[in-house]
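Per Swiss-Prot, the features are:
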BINDING   S11, R53, H54, S86, A87, T185  phosphate binding site
BINDING   M184, D208, Y209, D210  substrate binding site
SITE      S166  site 'Important for substrate specificity'
SITE      V221  site 'Important for substrate specificity'
Amino acid sequence: MQAEIGIIGGSGLYSMPGVSDVQEVRVTTPFGEPSDPYVLGTLAGRKVAFLARHGRGHRLLPTELNFRANIHGFKQLGVERIISVSAVGSLKEEHRPLEFVIPDQFYDRTKQRVSTFFGEGIVAHVGFGDPVCGEMAKVVKHATDKAGVVAKAGGTYVCMEGPQFSTKAESNLYRSWGFDVIGMTNLQEAKLAREAELCYVTVAMVTDYDCWHPDHDAVTVDQIVAVLLKNAENACSVVREAVAAMPKDRTCKCGSALATAIITNKDVVPAATKEKLKLIIGKYFGEQKAGA
């Protein structure tokens, strides 16, 4: 069974209500095992694949996530677009708990992550100036409006290593830099989705004010979970509306991100590397059709 739209559920969102014709699929990738089996089915008349980012039961730290396997697994299933739902802390007064942000920029503060499919004899530099698919972001913003959810379009998501939350010094530094929200996972997903030529958008659910706000307690796990439980229905409604409204065909440039990115002559790329990356680079090396 194939899918066209991928959904990544973050903290508090480990399943997607409303999906019919459900089939659970374990996918093995050249980069190892994804976080969990993918749940395939039909949502709002579209074929979707859902993945619990941290595994059901929330077993995996952000640093432990196999981001490459997660994204490659979606690619193997035929997915072309990914909606990533994530809990975030707010770095601005105007982004209140229970509200959503649809970031259009990311800033990387991670230290221990693998953020590329390339290496091992092949070099590629994809454009990442606009890390989010603009077409998807518009659809998601319209979906939040239709679902009656307060959401801001645009803003910067700073991705920290974790698993500890920020110090006040860090939180205030990020605020001084003008960042909007803080999380621990979406930067790697966005980079790898771009390399895999998949469209990607984040639906950031604000759960707290990190630790900077003088009138609010510093973030705790209990606080996050309580807000997420209240927000789960909103998140599912937004995803459902977005899936229903997503155009059938892509007219953005995400699907050709590697067209001018691969710098290594294909004749010198090791055979093992070619095989490992076949699904991603095959159409440029004349070894498969796009989307195969």
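Glycine is treated like the rest: Cβ placed from N, Cα and C.
Quick one: where do these features end up spatially?
DSSP assigns R53 (phosphate binding site) to coil in the three-state reduction, outside any helix or strand. R53 (phosphate binding site) has a Cβ environment of 25 other Cβ atoms inside 10 Å.
Counting only same-chain residues six or more apart in sequence, the Cβ atoms lying under 8 angstroms from the Cβ of Y209 (substrate binding site) belong to G89, S90, P97, H216, V219.
Neighbour density for S166 (site 'Important for substrate specificity'): within 10 A of its CB lie 22 other CB atoms from the protein chains shown.
The number of other CB atoms found within 10 A of the CB of V221 (site 'Important for substrate specificity'), across every protein chain shown, is 9.
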At the level of the C-alpha atoms, what whole-angstrom distance separates V221 (site 'Important for substrate specificity') and D208 (substrate binding site)?
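It is 10 Å, counting Cα to Cα.
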Drop a 10 Å sphere on every Cβ of the binding-site residues D208, D210 and tell me which sphere holds the fewest other Cβ atoms.
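If we count Cβ atoms within 10 Å for the binding-site residues D208, D210, the smallest count is at D208.
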How far is it from A87 (phosphate binding site) to M184 (substrate binding site), counting Cα to Cα, in Å?
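Answer for this pair: 9 Å between alpha carbons.
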How long is the line from the C-alpha of D210 (substrate binding site) to the C-alpha of H54 (phosphate binding site), rounded to the nearest angstrom?
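Approximately 21 Å lies between the Cα of D210 (substrate binding site) and that of H54 (phosphate binding site).
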Using only C-alpha positions, which one of S166, M184, D208 is spatially nearest H54 (phosphate binding site)? These are the recorded positions in the record.
M184
